[in-house]
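Contents: one structure, followed by commentary.
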Amino acid sequence: DKCSPSGAICSGFGPPEQCCSGACVPHPILRIFVCQ
């Protein structure tokens, strides 16, 4: 599986490995999660 780059939308409930950085964090303004 390809990982998502920084700033990409990710699932807050998904595995951290979905992001290349290994961190999926809440967006400060939008009510979404993004890769750190």
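The count begins at 1 with the first shown residue.
Backbone N, Cα and C define each Cβ position, glycine as well.
In the disulfide annotation of Swiss-Prot, C35 is paired with C19 out of the candidates C3, C19.
For the pair formed by C10 (disulfide bond) and C20 (disulfide bond), distance between Cα atoms is given as 11 Å, rounded to the nearest Å. The two recorded residues C19 (disulfide bond) and C3 (disulfide bond) have their Cα atoms spaced 5 Å from each other. In the three-state DSSP assignment, the secondary structure recorded for C3 (disulfide bond) is coil.
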